[in-house]
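Undergrad: Quick paste from TrEMBL:
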COMPBIAS  1378-1406  compositional bias 'Polar residues'
COMPBIAS  1407-1421  compositional bias 'Low complexity'
DOMAIN    1078-1347  domain 'THH1/TOM1/TOM3'
REGION    1356-1421  region 'Disordered'
TRANSMEM  1080-1103  transmembrane segment
TRANSMEM  1124-1143  transmembrane segment
TRANSMEM  1163-1185  transmembrane segment
TRANSMEM  1197-1220  transmembrane segment
TRANSMEM  1250-1275  transmembrane segment
TRANSMEM  1295-1318  transmembrane segment
TRANSMEM  1324-1346  transmembrane segment
Amino acid sequence: MVLYLEPVDSTTPLIIYLSVYTVYETDYSFSITNQGNRYRYSLGSLSTQPGTLALVNSVRLRLPTIDYDSAAFTTSTTFTAIYPQYDINPLWPVSARFIDSTSFNYLNILQPPLNTFKPKSFQVAFILSVGGDFIENYSTILESSLQFLGTIFDENNNPIDLTINFKEKNLECNNTEFEKVLGLIEKTETTLFNVSDIDELNNYRYSLDSLTISDAWIGCSNKALSLLHMETVAKNISTKYCSHFVTDPEYKTDPCCSELARYYQCCNPSIVLKNVTQFISVNKSLVSEQCSSQECTSSVLSDYGSSLTGIDDCAVPSIEPKKLELTSITVLRDCKSKLVSPFCSNDTDCNGYGNGECNLYSRTCIPDFDTIDFEYVKCVLLHLSPGTLFSLLEGSTTVNDDVVTKVFNNHIREDCIGHNYIKDRSTFIWSPGFQVDDCYAVQHQECIDESCITYHDTCIESIYAHWDFRLVSHVDNCTDWGICPYLSCKDNTYTENGIEESCEDACVLKDFCGVCTNEDTQCHVATEFTDQTSCQTQNQICLLPNGEYDLTATSESNCNSKGKCSVPCGYECSSSLANNQDDYCAILQTGMNSTNCAALDNPVGTTEWSTEANVCILKSATDEQQCTATGTNYTWIDCSTKLEGECSGPLNNVKLCSLKPIECQTEQECLTAAGTCSDDFYFSSLANNHYPVGLGRCVFPHDNYQYLISCKESEQQDSPNGCYSINPMVLTQIDCEDDGGVWWTPARNQSSCTLQMGCKILESYETNLPYNFHFNEMNQETCEACIDSFNKWTNKFQWEAATWLPGVYKPIVWNTAKSFIPNENRDVFNYQLFYKSVTKAAKAQVADLFRSEAYCRMERLQSNLNSITCSCSGKGGSQCFTASTPLLGQTKPCAGVNSSFSFDYGKIEFSNDSISQSCQSLSISQISREIYTSAQKESLASNFVSYKKADKYGVKNSNDAIIGTLLGDGIMIKSQDGINEATICLTISGTNNSKYPIYDFAIQINDGSYDIESKTPNPIQSSKVFTQISEDSVTAGKDEVLMLCSIVTIEGGNPIYFPINRMDEWEDERKQAFDSTSKALMYTLATFFLVVALWGGFELCLIAIARYKQRNISIKRKFQLTHLLIGVVTLFITIRAIYFFIMPSGNLSDSPIIDYILVVLPTFIYFTAFNILLVLWYVIVFLVLKKNKSADNLTNRLFTIVFVINAFLYLLFIAIVLVFQYTKSNPTNDCGSRIIIPIESSTPQRVVSIVYAVIQALISLIMGAAFIYLGGRLFIVMRSTNIKVGSKSNHQRKIFILSFVCSIGFLLHCAFVLILVAGNVNSMVFSFIGLIITEIIPACSILFCFDQRAKNNVADTASGTTRGSSRGGSKREKGTRLSTMVSDSRQNSINTNSNSPSEYSNNDFESPNNSSVNTPTSNDD
């Protein structure tokens, strides 16, 4: 490292202080010099990583209360100067804050795109919060200042030494740049979703996150946010995040904030009041101003706003990946019990292990590597979770011998193996890259893979770096290692009389007398017999464990009784001297050795040096008094009086006393009293060789806080019961308790072993092998109350019962030419390789979780933000919106495993039985219920008959009847084979009601096409439906959300499931276009219309009969408009009757042609009928009565007026129909299936509908007024005319009836139409009353007043007269023009063309039966 330093100023020198602290010894040298080469280089010439490192310690962030430095990259976990780039990226290089992240390996993170150097720029990054733990507020950082420290230079070589403030700048949304970023995101996603390696996947996840903080992305995100109404509200939410700043007093006591507090307490979710930003609504006014496709953009913005508040729902809980990996590692550990060689006395005891052969020397079964390794692989495959197994076997979960053999063969590597011990192969040691004393981990050297369980100690608590899983292998010199049949070698070394040599060199070719299990095992050697002859004199030998034997056994049963226990039945304190002398006087002065001891031997025999105890003994002192009286360095040692846990010498030589085993004398004693507690390790020399074996430990609570709560570094060692000093400080329980400690001694029985309980927690240090455990100091209640943790209240130690090993009675033989048995190099199963395969398979499951998380997060934001940016900052139009169904994520449930998949509005839970075998990959997509919105078809028909309004999200049966409604959005589940059973829970926005009282789910089988809305969901009639409150409602700060759940069988293909409510008996429900009341009223109306139609038909029959009777009469009655009037009225009424008889069935709802014929056309026929009568009255009032010259040719005039008026009406009808039919609304849907644009009237249609209603009302108003005026005029004329006929009152009455009924009817019809259209009245009762008043009663008045029965009677009477005078009158009729229209009643007495008004009026109203101009007649005519 080179530092450039200058004086403070010309008079003040710069003084620096250097402190050097060495952690461990190395071969490196350390020096300081004032000679350094100074040269200038451009930051832009460096790549990102070295450029970032070059900026270390260049600036300081100054806040009012604290400063943040960047003195070193590895310690700059909050504030960092970063490499200047056009697109600022604070996540690259990976911040030191994330170096220890368990979510990804930072070393595998590749450089993200968008990393072009930006000249004349300086950039820094500050992490505001991590995982919800707040460091500083944004406003605080905005008000801070940046101080340059003079370590970087400008182009003139001047150091930059200044302080600047910050100014906030809002990034603009640039659609072109956004599309570039989006392209990179899509490219990254394509790769992300096709990788299974966890490190590679995390690299692309990291790249995605980097792209989502690019300037283009942030700018367009801000643009989208500006179009939303967001609100910050205080809500009670359940959270595990730290809700305090570091400077808050509560920070230190909150276990969710402080590591110190977390050691003693659980970080459980708690209800806290927190400010939550939530989406309220879309700012539609801004959307209409700034964006195209307002409806589509608003829909997307609504989704985007909702996604922002629910984006955290996508996150994989931090505990889930650990659970998956720990489950696999636990299987690897548990199955290693298959490797343990059981104790044995004969081959029968070894059935099921190896080749079933017992090693009589070690009394353990002989391992056959291939057989045992095969069983281990089989055990692992049988117990792995199906998901991990599916990944390991690349698509299968079937386990049989063929599969096991394949996996076994895939993990074979060459290794050097022995013959008698399964771990006599390559092993590993977990240790740092230097020699560390007093550390448990480095003593444990028989790890065969990384699932190895270590003993937790202070040395693995991130104190030492560069830990490595080091291979210990003898492949290169395999034949140098082995066993000697007749010598006891240890670590391939044989020691005799203090001289060490290799086992191979010591094991020369030799004959001996003894017993060998086979040619590859160590043998029992009877040293009493030195030649073959003496050997043959001993027929049998009683073999004991570990090479011991007994020559005195006389029988097999006698030999069996001479057996030994696998462990002692106890221990006693004894001297460490060779002669086992328990009491003596020891000279314990500093620097004492054998030479100094010999110098004190005067006279000879006074002192003696003990090589075993490494102590000088004063032999002349025979009791404690003599010993202590000799001098201060003379100590009386009496081991026999010491307790087992206090068996030691004085502190300056604690090993003068040691424990001696007390062997079990009988099998019964062995099986009842003997055994081993696993705490024995902590009292062995493997754990600490400074203590005598078995000496108690004075333990203290963990009270040292460094990285976490731990024991004191280099002073104490850790244990499940607490910390104890590395070197003995106290030797008795009394002294320990006086110091405030707890005296801990080895457990010698099962109860004292298993009663020691504690809270077992997962190791959090990266400097230990993965997924190891240790104990903290929580009590049981606190430990078991921890939520979402691996804490477990359990035994600290395990008890293993002893085994009685009886003597084995065997013939003794002379063995010849026995020599060194070397190990061999051959292909065997490699446990570490298999471990990597299994953990890789487990991480593939984790990769699936992370991939689904990334998919979920990006799917919620990416497509929505893309559409918003395109619509509001880009080209706009349909290209901005897609019709695809949003993908919620992917999951892979497996046979025999409970799992779940959650999304924003629900979840799917899979049980052990969901998958029959193997695993299945499922894709879950969202299906909006808006696709199934029920829309009323637009019609030109009058609104007096309203169809029953369909439920908005109706569910239909096979009869097209709505039998329920969709209660929320659904999901499409894409699978290959289907799922046996799963629980689907979906959020619902409605509840059941009296109309639809039953909760259920509906299924729609999708054939894979995008035409989803053309199909119909059908109820599944589930009997396993229930409701529940969403678990994350409180956690996410959301309102309480009700979910509908059901256990369903998911069919293969692409089934779609919706939550619904429905009626009970839904299968046979018929389509109901109207409710029962409306139906009853319509059938009543139809009956009324039918009766009136029959009346009209009767009248027409009378007219036909009359015409028929006059067929042979020379003077026939001419066709009269009254006949046409009756016919038109009858036609109108008949069509209405047909309409109301058909209408209740609903068969007319989908046919616009029928609509026009049966609804619109009768309205015009209705006007035609009554305008005929009005024309008649108009002619009489304005032409005849006023003697208008136009009265000549009255018949033609009359027909012309009728024709013109009705021609105008029907041309209007045709125009209205054509315009309405051919100007239908065809709305452009830019959104695809994102939103459903309802069928609405086009603007021309709406205009036509209004015009149609106005014309109806206007015509009705005019006709009502005409009936009042014309009827009134006729009534007045009738009353003022001197008519001598007796039917005057009858004429007046009928004119009054027609005038009154029709005028009231048409005026009410005007109001009726206006109320229906303007008021949007939807009442069949109102229509029923209105139709009776405005149509039925006026029609009845017409038929009543123009009753044809009376006319026919008159016609019959007049026919005779007519026949009698036909000859003489025919020519006169020809000569007249007006008398033919008015004359029969004048009895031919007047032959002139002019009549008095009174006569005309009288004759006309009395019986102008020959005339085509008639007024109502009566029976008394």
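Backbone N, Cα and C define each Cβ position, glycine as well.
Could you place these features in context, so I can see how deep they sit and what lies close by?
TA: Packing against the transmembrane segment (1080-1103) from elsewhere in the chain are residues 945, 1074, 1123, 1126-1127, 1129-1130, 1133-1134, 1136-1137, 1139-1141, 1143-1144, 1324-1325, 1327-1328, 1331-1332, 1336, 1339-1340, 1343, 1346-1349, 1352: each is 6 or more residues past its ends and has a CB under 8 Å from a CB in it.
Below 8 angstroms of C-beta separation, residues 940, 942, 1163, 1167, 1170-1171, 1174, 1177-1178, 1180-1181, 1185, 1212, 1216, 1220, 1292, 1295-1296, 1298-1300, 1302-1307, 1309-1311, 1313-1314, 1316-1317, 1334, 1415 of the same chain, each at least six residues beyond the ends of the transmembrane segment (1250-1275), sit close to that stretch.
Same-chain residues lying 6+ beyond the ends of the transmembrane segment (1324-1346) with a Cβ under 8 Å from its Cβ atoms: 944-946, 1074, 1077-1078, 1081-1082, 1084-1085, 1088-1089, 1092, 1095-1096, 1099, 1122, 1125-1126, 1129, 1132-1133, 1136, 1166, 1169-1170, 1173, 1260, 1294, 1297-1298, 1301-1302, 1304-1306, 1308-1309, 1312, 1315-1316, 1416.
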Undergrad: Which residues, given as numbers and ranges, are at least 6 beyond the ends of the transmembrane segment (1124-1143) yet have a Cβ under 8 Å from it?
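TA: Long-range Cβ neighbours of the transmembrane segment (1124-1143): 945, 1073-1074, 1082-1083, 1085-1086, 1089-1090, 1092-1093, 1096-1097, 1099-1100, 1103, 1157-1159, 1161-1162, 1165-1166, 1168-1169, 1172-1173, 1176, 1202, 1331, 1335-1336, 1339, 1342-1343, 1346, 1348.
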Undergrad: Across the domain 'THH1/TOM1/TOM3' (1078-1347), what does the pLDDT come to on average, as a whole number?
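TA: Reported value for the domain 'THH1/TOM1/TOM3' (1078-1347) is a mean pLDDT of 75.
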